[in-house]
Number of protein chains: 2
Amino acid sequence: MDKKTPLILITNDDGISAPGIRTLISVMTQLGDVVVVAPDKPQSAMGHAITINSTLYLNKISKNGDAVTEYSCSGTPVDCVKLAVNEILKRKPDLCVSGINHGSNSSINVIYSGTMSAAMEAGIEGIPAIGFSLSDYNWDADFEPTKPFIKQIAAQVLEQGLPDGVLLNVNFPKLKQDEIKGIKIARQAKAMWQERFDKRQTPHGKDYYWLTGEFVNQDHGQDTDEWALANGYISVVPVQFDLTAHHAIQQLNTWNWNE
Amino acid sequence: MDKKTPLILITNDDGISAPGIRTLISVMTQLGDVVVVAPDKPQSAMGHAITINSTLYLNKISKNGDAVTEYSCSGTPVDCVKLAVNEILKRKPDLCVSGINHGSNSSINVIYSGTMSAAMEAGIEGIPAIGFSLSDYNWDADFEPTKPFIKQIAAQVLEQGLPDGVLLNVNFPKLKQDEIKGIKIARQAKAMWQERFDKRQTPHGKDYYWLTGEFVNQDHGQDTDEWALANGYISVVPVQFDLTAHHAIQQLNTWNWNE
């Protein structure tokens, strides 16, 4: 095997100055050459949005000679990956890691998450990719306990690669390092957000809304990411971007489509 | 079975005044009571973005007594569905249809599409949902040929429902009605966008980028949505929001995770 130093692309959705991405950078510099391309402002809940109707800016943040090359980008997390791959990196990276997200991206949150969309975009481009999230929304969250696990998971993906069309969604419980029981490979729990809109009025008398909501886990399986997190484990869900419900094709073929 | 009139929610990502959604409204009024909640401006390529860090506005566009109730919303397509279900509709709709999108959402485009994300959001909320798209980006595209097929597909979903956790991604080829060969149930083709960034300079000398690209279909299967569309068929892909790559779980369990 080629012993060249791995090239690792790092992005996130909380913005380039978030503590979570700083932790991720500190771990990844132990594993390879690191290039960071991350949004210049928070882009949470952007899903897989891309910027097609406005311009994109890249700003080089790091100075020549810095150990890590860093760019901020005016676009979404997915834009960051596309720009990195096409405009910044001289070769396809060996790994793309996204996060560490401030807040969980387990279960259905994978759909809304900018962190996971960036990892998915890398996966679509054929790059082994991992999204990391910590179940703690605080800006001052303690990311220290995640470090050895992130290093182990990333090192393993660098060594073994990932199955074709698959990326990893890794979520950490909010626990101290010695309280973490280990890693569980899991499936996405069946859960959803029960929305509640907070309806208010502007000072000028116009109604407006804030989206709020409560996370509802309807899934009692012990093989889910939610179960793993609630029981002290780190959840690792293999995620795919082939959204075809293959099991439903046969059933739909029994319908009367062409009469 | 209850013979009450079906309640149908309509949304899109091209904005409430797009010809595509107008066509969809004209068909759906033949099948039930229609409520429209759609973005007040184009929101293409928004993926599954939601608005959590800014306010949301709803504007009732229709007048009392109008056949169709219409609201425009300041948010994303997913916001529209959430607001409709939680703030506007008195009961859960029997069907949510999104589109007709101006441009294809076949293959990997399902990931980037605001049209499909709105349908997916409805699916997550337990509402039978269909996204419709026409392979023609023109504002003046001819939607007439899609009408009888849309009516047939929507009527069938209203009658039979959809499998749990499944929505439909329906794409129309750009063909006259008598050129359309029929409907094919298909899987999402393995394809991607080969990006090319158009790098320009502002009048003030600062670099900026436009995202452009070319769609590359790497999939030669005859059971894909791309094959169906290229061969004169309407493609119907059952889509799921459980992104777990179930086939990869066993393989990942052979890795050495907890040493």
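Easy rule for this one: first residue shown is 1, then count along the chain.
The backbone N, Cα and C atoms fix where each Cβ goes, glycine too.
Where the annotation comes from TrEMBL, it is an automatic prediction and has not been curated.
Model, not experiment: these values are computed from the prediction.
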Divalent metal cation binding in TrEMBL involves B:D13, B:D14, B:N101; of B:S26, B:S44, B:S72, B:S74, the partner in that site is B:S44
Checking the binding-site residues B:D13, B:D14 for other Cβ atoms within 10 Å of each Cβ, the smallest tally belongs to B:D14
Judged by other C-beta atoms within 10 Å of its C-beta, the most isolated of the binding-site residues B:S44, B:N101 is B:S44
Residues among the binding-site residues B:D13, B:D14, B:S44, B:N101 lying close to chain A by Cβ (under 8 Å) are B:S44
